[in-house]
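These notes are about the structure you will find just below.
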Amino acid sequence: EQSLPRVTVIFRRIHVVPNVLYYLYISIYISCYVVFSFFSRFVQACHSSRNVTWSIEQILPIFTVTMRFAGVLFVTALCIIVSFADIATEDGVLVITKDNFEQAVKDHPYVLIEFYAPWCGHCKALAPEYIKAAKALEENNSNVKLGKVDATIESQLAEDNGVRGYPTLKFYRNGVAIDYTGGRQADEIVAWLMKKTGPPAKELSTVDDSKALIDAHEVVVVGFFKDLESADAKVFMDVANSIDEQAFGVTSDEKVFDEYKAKDGSVILFKTFDEGQNVYENEISVEKLKEFIAVHSLPLVVDFSQQTAQKIFGGEIKSHLLAFISKESGHYDKYVEGIKTSAKKYRGQILFVTVNIDESDHERILEFFGMKKEDVPAMRIIKLEQDMAKYKPENSELSEENILEFVTAFFEDRLKRHLLTEDLPEDWDAKPVKVLVGTNFYEVAFDKSKNVLVEFYAPWCGHCKQLAPIYDKLGEKYESDETVVIAKMDATANELDIINIKSFPTIILYKKETNEAVEYNGERTLEGLSKFIDSDGVYGQAAEEVQEEDEDDDVPRKDEL
């Protein structure tokens, strides 16, 4: 720094210019210094030797070599500067691009990266929680970093990392990626990362340690063991290691025992809702302890939101009662206590969820159940297993008695599965492509005198919209053929007990004489679909092992509502 102008040293010391600009300034200075040094020494040589005569032919080669050297020096300096430049941050989150991705995962042993789209509603909901998590990690001097990639700009980078939807979060540990499976709240993100980068349970040596851990999280599971090497303590640690969603602590300190009135071998789940804490005092086993944590780590009644959706639909409990209410109309305060009565009785068997229809994001859920806002308040039960089923009560009023009767009937297998169906349009068969609904599907599709091709579509599906003009031409092509019917059914508004549509569009040929159903997996062209029909379902037939895995990029699974 001694050979540089004083102003440069001042800039460097008070950080008026960023590091990159500072080093760029130095490289320019050095390059210019080399050029002017040459001319300075040249002039001195001329003055010191009066008999020396220099021609332009003699000066030019020396000057050219000097300028080339200065240029190489300048470019080299630029490359070094770029390679060591700090990655930009926004609100404590690394802004990652294709140019600095490798540097990010190399320089940071632990980095969680969110691939997002600016227009994505789920990404917008995650953003403030993601920033809070980044700040919490920084305040704790963690070596874990959070980053983000705008996948609409860095599309190739997103594709290279297997991104198929937004937001997608990947955790890179020493450059190796694993999928993020935690929640969307700041404390859940931090807890998941701490679990992946540290011990499965934090050792609590003092009462202050325990209070700090409990205060920092919505749900904390603490094991009390006088001997941390005991068999029960090891089982507890195995459970802690297998669950990413919750924070765990473990203690052998007598003062911590006394603070929470715990016994040796007790496990206490602390939470910020409902009872405040639940005590597990049964025989400690991995299966029973995990079940205890799964049941009590969620509220008795869960309010559906983008943040809780993963906990609801990705949890162990696959049967849900959904209470559709309007908070603006006072429904929540009016009915929640009655809902809790049934929730307490059937805790661990069925999850009770409130859905606030005042939220515009929840309109799709109403549509999924074939409901309108005028139907609220109301309730439905959904069973999210391989064959998803929905159930509708005879009386949808959200009284305590009705809720209890509805749930009891469900567990006693007294309810009939509720299938959606639209009213049959009067002109359903007026066009080349016939319109099917729940009430006329079997009559048309199972007509043994005809080959019936049915497209199961969703009105909002982009692939279905692209297929529509081709499918209309297909209908026109076979309109005069009495042995072929081209039909379509809106699978979001009509349901069948013989098939569970998992992706859109799904195209199935119901063969004449046998009614055998053959799914199409070929190209969605007029030629391809025609060959499928003319070959009696042989051309383009979907292989059995592919059917369950084949899923279009922009089609959500139905169990995601």
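The backbone N, Cα and C atoms fix where each Cβ goes, and this holds for glycine too.
What TrEMBL says about this protein:
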- 545-554: compositional bias 'Acidic residues' (COMPBIAS)
- Cys120-Cys123: disulfide bond (DISULFID)
- Cys461-Cys464: disulfide bond (DISULFID)
- 54-198: domain 'Thioredoxin' (DOMAIN)
- 413-538: domain 'Thioredoxin' (DOMAIN)
- 541-561: region 'Disordered' (REGION)
- 20-39: transmembrane segment (TRANSMEM)
- 59-85: transmembrane segment (TRANSMEM)
Exercise. Looking only at DSSP and grouping its letters into three states, which state does Cys120 (disulfide bond) belong to?
Worked result: coil
Seminar exercise, completed: In the three-state DSSP scheme, Cys464 (disulfide bond) belongs to helix
Problem set entry | Cα distance (Å, whole number) from Cys120 (disulfide bond) to Cys461 (disulfide bond) | 16
Problem set entry | CB contacts for Cys464 (disulfide bond) [other CB atoms within 10 A, all chains] | 23
For this session: Have a look at the disulfide-bonded residues (Cys120, Cys123, Cys461) and report the one with the fewest Cβ neighbours inside 10 Å.
Result: Cys120
Seminar exercise, completed: The rounded CA-CA distance in Å from Cys123 (disulfide bond) to Cys464 (disulfide bond) is 25
Exercise. Looking only at the domain 'Thioredoxin' (413-538), what are its DSSP counts of helix, strand and coil residues?
Worked result: 30 helix, 27 strand, 69 coil
Exercise. Taking all residues of the domain 'Thioredoxin' (54-198) together, what is their mean pLDDT?
Worked result: 84
